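One structure is given below, encoded as structure tokens.
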Amino acid sequence: MTLLMCLLMSLLIFVRGCDSQFVDMSPASNTSECLESQVDAAAFSKLMWPYPIDPSKVDGIIYPLGRTYSNITLAYTGLFPLQGDLGSQYLYSVSHAVGHDGDPTKAYISNYSLLVNDFDNGFVVRIGAAANSTGTIVISPSVNTKIKKAYPAFILGSSLTNTSAGQPLYANYSLTIIPDGCGTVLHAFYCILKPRTVNRCPSGTGYVSYFIYETVHNDCQSTINRNASLNSFKSFFDLVNCTFFNSWDITADETKEWFGITQDTQGVHLYSSRKGDLYGGNMFRFATLPVYEGIKYYTVIPRSFRSKANKREAWAAFYVYKLHQLTYLLDFSVDGYIRRAIDCGHDDLSQLHCSYTSFEVDTGVYSVSSYEASATGTFIEQPNATECDFSPMLTGVAPQVYNFKRLVFSNCNYNLTKLLSLFAVDEFSCNGISPDSIARGCYSTLTVDYFAYPLSMKSYIRPGSAGNIPLYNYKQSFANPTCRVMASVLANVTITKPHAYGYISKCSRLTGANQDVETPLYINPGEYSICRDFSPGGFSEDGQVFKRTLTQFEGGGLLIGVGTRVPMTDNLQMSFIISVQYGTGTDSVCPMLDLGDSLTITNRLGKCVDYSLYGVTGRGVFQNCTAVGVKQQRFVYDSFDNLVGYYSDDGNYYCVRPCVSVPVSVIYDKSTNLHATLFGSVACEHVTTMMSQFSRLTQSNLRRRDSNIPLQTAVGCVIGLSNNSLVVSDCKLPLGQSLCAVPPVSTFRSYSASQFQLAVLNYTSPIVVTPINSSGFTAAIPTNFSFSVTQEYIETSIQKVTVDCKQYVCNGFTRCEKLLVEYGQFCSKINQALHGANLRQDESVYSLYSNIKTTSTQTLEYGLNGDFNLTLLQVPQIGGSSSSYRSAIEDLLFDKVTIADPGYMQGYDDCMKQGPQSARDLICAQYVSGYKVLPPLYDPNMEAAYTSSLLGSIAGAGWTAGLSSFAAIPFAQSMFYRLNGVGITQQVLSENQKLIANKFNQALGAMQTGFTTSNLAFSKVQDAVNANAQALSKLASELSNTFGAISSSISDILARLDTVEQDAQIDRLINGRLISLNAFVSQQLVRSETAARSAQLASDKVNECVKSQSKRNGFCGSGTHIVSFVVNAPNGFYFFHVGYVPTNYTNVTAAYGLCNNNNPPLCIAPIDGYFITNQTTTYSVDTEWYYTGSSFYKPEPITQANSRYVSSDVKFDKLENNLPPPLLENSTDVDFKDELEEFFKNVTSHGPNFAEISKINTTLLDLSDEMAMLQEVVKQLNDSYIDLKELGNYTYYNKWPWYVWLGFIAGLVALLLCVFFLLCCTGCGTSCLGKMKCKNCCDSYEEYDVEKIHVH
């Protein structure tokens, strides 16, 4: 029962008392002391190689868990590193060693064990970034060697303690991750780390730092010690009550990789890029460790490689990057890996890509996020608090710079104004915070370092200085916001002056046999120098030298210091370093400010201010209004828990409204990849270079902006735009209000090549256009006129509007936003619809200006032209000389070697077959280019013959007076001929190499041109195909859209109804507001379409009224049109139509034609007028007919000038020359498809968001030019055929010696005999050829009669 309870509890939390659940980590270390080490943090920090996070290279990305994607781009919210984050660099080094080939001694490490980092959301590690390159060794910077990859080691825990010397150690259970086995094993264990008490160990004397190490020449040889680092760690800590111990094997290589650690309720997760993406940055989870206690801190374990002095190697730095909850845009390849990424909150351009879920964005003006107006002041009402006590720094003797004093404050209110009033401030500079902010903010702690310091030396203490002050005396830390105050002490301050200013000008350690090796001892930020104890109060003389022998705990050697004395000034001059640390605790340090008019809101009514009202903080606009609510409660809230009213200490009641937020748009030009930022309808005085900008679509806050020069325009504040008074008539990036953004590559560029330019969009009238005559028809003809000017405004665009849907519906409440997620992509569709309306505006305005600027178009060419001979792509057949080959049996029975044959090997082989090979070698020599040549190979027979000849000539030389030396001539000739053969072969190879190089270069040039051309051609195909595929994919994805339901699956809806019911009230509110928002968007879409239609009308009026004289009555103003003028107006055009308007008319009797009585009759018709009767005569057969124009009554005789002959009974139609004959021929290049497009582009349908189908591209491709060029390139490739000189392969066979054949035959005979005896001489009844009987070895069996079976 006890065991059962123990197991049950272990599922919830590690039970410390269940011994059966612990892992045996024995053996424990039995070393009498820990290994000696030298901590030299300054040397390690000098070597810095920054590697910022680059999402485009997929740096540090953890692959989404439990799912995979293919060939898709999506925005994903998870744990990612910040783009551009430099991270923290860590470096390992080899240890000290004795002599050139001596064994290693003490370790050489940095102070990583003293650095405790916050774990937060976890981190990722870049490993081996510089592996395989050449670099320096930390311990010997002058030595360059190849860099190897080093794996990091970590301790992760939730609680800390300290050693007796104040150094941090991990308490309770800690997770330890250690690489081992010389980079082939990774250990992870969860234990209580109990410090050992022997010498140099954490609880012993002489402790400096814990670390792990491997002795390379012992642990990393043929047999790898898989526990070398683990055992070294055990020498510092006893591993107590370990709950698990896991190990993973690692393939040893020098490939760069990524490693990551996160934690959630399931435990600690480990990630690595080695699992599935070795040559990329994708990290996959490979282990989950049962660690459920929240990890708060981590420390990098120092590591030392104990190598001999002559075998030292450099080790690559690794980089740790913190993870944050961010939204990334991820691009998944076809094989499922992430190959591109964008940090959505990095800058405006990143938000643009993420807002539209695309890595490729076309040129345009896009809405990306919202921006809340910056506060213009502060309103504070708060209770009184206890003041921080600064009196210790105002009494006693002022300390020297190297012996500075420090005050740390918490849980009090400080009065910085009062403190600074006691000094004559000479300089007040800050880093990471402004002087005003540090005096007005609240912090978890406030630290003040102060010391006596002359103002004449203030340049030596500034950031970036490298003099003696920051090296040996005081180095300011910039880890937290900090300020530096340089001031003179006033006479009424009681602080005592020292005799003189003093500082350390040298602090070094002397080591070596003769103490001739000097190592400067630099200080780290916030640390004291080891030389400060020589003279804490100051130096008695300038250049005073001090020496002291260092203890073994201090690292040994001789400490030497030099002090410099500076004369004291009349008034004591001091330096104050104020550092603050932000936090969320209740023991905060807040300012006791001289609030001035911050206590009153009367001068800031109607403005956006930051307020702090008795602990309630926020940002809003205060207004006087009628009091509501209970006065004693001070605060009045609405049903959304928003502060809407406040009873102030001044007795007034103020309404509180939220500050105005404005839309943010990005102006983007694809050709230059430049962008600018537009803050709609806001003054630049409210916009800073890094404001609180938040995109609810990408859930990202902006962190960076490149440009910091705002420009005020009529449409809002723009950053990244310069004003050069440009006027353009064509605009691809309209901003509204007749403003345009011109990219820097434009012909209008005159100022900056790195910014957009602001231009005014203006219409310039053409010079002269000949009017087109036309006729009109009326029953009354004017007799008098007056001039009239008709003014007309046509709206061609509307103000672009974006709505933050989530903010409008939920007003920032998390519970509401979670329910709103159940409505699918409703909000995103709202934003898409509004963005579509904005794009429609841009298109209509661009079309308008293009139409009134030019009327010429260029026709498209359709189809593919030309024939393509694909056989040109075939590789030509290259033939060679025929070669004879031995049979398969011969290949089996002979040893062989294949060598290059320049052409003489076959003749040599045929000659050798005619007699004994050992005697015919020289006889069979071949001639090539006048040289005798032999193959560069000997068989055993020739080796024996030539060796015997050579030895015989040498041995007999003494007996024959050297005459026997002639026997060595065959050997010499053989060597000469064979060397000739080698030379001839090399010469042929060299010539062929030149031919190959020349032809290959020619082929490369042709291929380069060909691939470039094919890339241009196929990119057109890809654009067309991808555009259709993306549109169809978008259309198919709509099938899974919930369209406001909680799920697209009916079963899910039925299963989850009970969970929705509890949020019914909030759901009703969401429904009501979404309906209101939907109605607004619908109205906006109608207005947008109306403006687009009006833009077409404006285009027609420019072409007909401004460029020409219109004969249409009333189209270009009132009356008969004379001339029109047009000027720009907000969101449209303003027309001035000049015409004459009839004031009096006369009624006349008119006829459309006159005919006589001839047979056939002869008829005439008026030209641009009427035939009328004379009004002064009486109607009779003698009635006189006259002609008058249709626009002005002026009778005149009928002549050939104002009439024409026509045939009777035939209708006369006058066709204007600007109208094509209908249905005759398509002479205007406008076909039925174009007419449909002209119709449908002005028709908008809002069904279930199938608008994306309009983006399907049906463009016909014209690839004939590109394919023709490819034909020529392929011909050039075939021309690069390399006609090599014949250099075949020759296979030389070497027969086996006689004893091999003899053994081979004997084996065959033995095999045959074995078979014979097994088959013929075994078994009962055999006689072995009648020579042997075996009756005695056979048992007797009864014989049975067996019935015969007949098979028919």
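In case you wondered, yes, glycine gets a Cβ from its N, Cα and C as well.
Take the candidates Cys430, Cys442, Cys531; Swiss-Prot pairs Cys483 in a disulfide bond with Cys430.
Per Swiss-Prot, the residue from Cys388, Cys412, Cys442, Cys740 that shares a disulphide bond with Cys590 is Cys442. When Swiss-Prot is compared with the stretches 122-166, 617-661, 1022-1066, the one noted as coiled coil is 1022-1066. When Swiss-Prot is consulted, the disulfide partner of Cys191, picked from Cys201, Cys220, Cys242, turns out to be Cys242. Ranges compared are 367-406, 487-526, 1247-1286, and Swiss-Prot records region 'Heptad repeat 2' for 1247-1286.
Ranges compared are 738-788, 789-839, 993-1043, 1095-1145, and Swiss-Prot records region 'Heptad repeat 1' for 993-1043.
Averaged across the topological domain 'Extracellular' (13-1297), the predicted model reaches a pLDDT of 74.
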